Amino acid sequence: MAAEQIAYTVKEFAPAVPGWLNKGDNAWQMTASTLVGIQSMPGLVILYASIVKKKWAVNSAFMALYAFAAVLICWVLLCYRMAFGDELLPFWGKGAPALGQKYLLGRAKVPESKHRGYNDVDDITEPLYPMATLVYFQFTFAAITLILLAGSVLGRMNIRAWMAFVPLWLIFSYTVGAFSLWGGGFLYHWGVIDYSGGYVIHLSSGIAGLTAAYWVGPRLKCDRERFPPNNVLLMLAGAGLLWMGWSGFNGGAPYAANIDASIAVLNTNVCAATSLLIWTSLDVVFFGKPSVVGAVQGMMTGLACITPGAGLVQSWAAIVMGILSGSIPWVSMMVLHKKCSLLQKVDDALGVFHTHAVAGLLGGLLTGLLAEPDLCKLILPFDTRGAFYGGNGGVQFLKQIVAALFVITWNVVSTSIILLFIRLFIPLRMPDNQLEIGDDAAHGEEAYALWGDGEKYDPTEHGWHTSQFSEVAAPSPYVNGARGVTINL
């Protein structure tokens, strides 16, 4: 026993274990980072590849894959410190690399996070782990925001335009929202609540996605009218990774393995389950049968809705938020969408506006109503409460509204300018002849080794022949009446 104690003590004072390091917090934050990363890679890669038409599986997956890699490099070269560094403007930080050994091994700190006007409280955000952990954790949030945005423009955006759009949108749009609300910007100091990204991530991606869909243009008419998932079971696997990864998404927001993280994880799952059940019930009532795609959408709206207040509302409130997030976005998607000429005109491929913008906005406003004072005290240094708890709660609700308007306006303007700039050099939309083909035209690759769904017949590639490893293979007698092949064994 004595030898074990000595060995442990030696480790405690080793150079790799400085006195400020809390191993539990560091281990949880790295675990949470990995969980959020898995939501994108492979979660959304799988979800996108399977929820779209077969001819767009490779393109959709690659858009997510590329965004994940590109965001990481831009993040460490410039964008982390634009979002969490020293102030340049009230809504923007000074960009600089986050690659130096001394910087990354030092204790994590958000330099502009000390609340002004509360000098008697040492409330600066300074977690008990190295800066490298915080840099990577926040990267995973930036990456998933752009991947969620991609869902609005699947099935027609020029891949080269997407490759240019990702770093530009990260620099000129995401970092502004992140600094303003999390990094010590004007909304942060004003007291706006965004626990884990209802505004920074979901409202931003939904509004920017709708804006991008407007400028890129619609899919082909045949794709808009019929865009069935090519693999519903694989879609559920991607959705499952997304749901389970959300424990790290909201559980990592306190920057510590504390009791508020526990509340956040429980509330996240309670709200998601409630929302899924409400959405499915509405599908059964109005359409006569439950939809698996609808259930996934209900799950998504519940997760997005609870995000801005996951650790700040009571668990009964998480159920209330789940009921509303399973019904209000359902109405906006199934009813209002069909009556609104603008939403009809804009081709939001996966309905990101409804599942993320509407749900994220709903969550932010509900947080302004339901934030519980004692839970707020766990992570906020001053008196904060929702409107339902009296006091200054009404003012808090108004702050949530103003912050939402800022995020919406900035994303509409910045996304439009970025896309109009890219359009000067690269067409935003693929030409129609390539849209008819899909993956084969965009990448020269296909998800499945079959001929079909948009691919043009080429005798040199699709001609029939007999293989030494097969029985007789013959063309289908229904050449003009059916797509695909018939193999006589």
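Each Cβ is built from the backbone N, Cα and C atoms, and glycine gets one as well.
As recorded in TrEMBL, the features of this protein are as follows:
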- 27-49: transmembrane segment (TRANSMEM)
- 28-448: domain 'Ammonium transporter AmtB-like' (DOMAIN)
- 61-83: transmembrane segment (TRANSMEM)
- 135-154: transmembrane segment (TRANSMEM)
- 166-187: transmembrane segment (TRANSMEM)
- 199-217: transmembrane segment (TRANSMEM)
- 229-249: transmembrane segment (TRANSMEM)
- 261-280: transmembrane segment (TRANSMEM)
- 292-310: transmembrane segment (TRANSMEM)
- 316-337: transmembrane segment (TRANSMEM)
- 349-371: transmembrane segment (TRANSMEM)
- 401-426: transmembrane segment (TRANSMEM)
**Q.** CB contact flag for the transmembrane segment (316-337) and the transmembrane segment (135-154), at least three pairs under 8 A
**A.** no
Q | Stretch contact, the transmembrane segment (166-187) with the transmembrane segment (229-249), Cβ-Cβ under 8 Å, 3+ pairs | A | no
Q | Spatial neighbours of the transmembrane segment (199-217) far in sequence, C-beta under 8 Å, 6+ residues away | A | 141, 144-146, 148-153, 156-157, 161, 165, 169, 173-174, 177-178, 181-182, 192, 304, 307-308, 345-349, 352-361, 363-364, 403-404, 407-408, 411-412, 414-416, 419-420, 423, 428-429
Q: Could you tell me what the rest of the chain brings near the transmembrane segment (261-280), counting residues at least six beyond its ends with Cβ under 8 Å?
A: 28, 195-196, 243, 246-247, 249-254, 290-291, 294-295, 297-299, 301-303, 305-307, 310-311, 313, 315, 317-319, 321-323, 325-327, 330, 375
Q: Could you tell me whether the transmembrane segment (61-83) and the transmembrane segment (349-371) are in contact, taking contact to mean 3+ Cβ pairs under 8 Å with a sequence separation of 6 or more?
A: no
Q. Counting only residues 6+ away from its ends, which parts of the chain sit with a Cβ under 8 Å from the transmembrane segment (61-83)?
A. 40-41, 44-46, 48-49, 92-99, 135, 138-139, 142-143, 146-147, 150, 154, 157, 159, 162-163, 166-167, 170-171, 174-175, 178-179, 182-183, 443, 447
Q) Other than its close neighbours in sequence, what residues sit by the transmembrane segment (401-426), given a CB gap under 8 Å and a spacing of at least six beyond its ends? A) 158, 160-161, 164-165, 168-169, 172-173, 176-177, 180-181, 187, 190, 192, 194, 199-200, 203-204, 207-208, 211-212, 215-216, 361, 364-365, 368
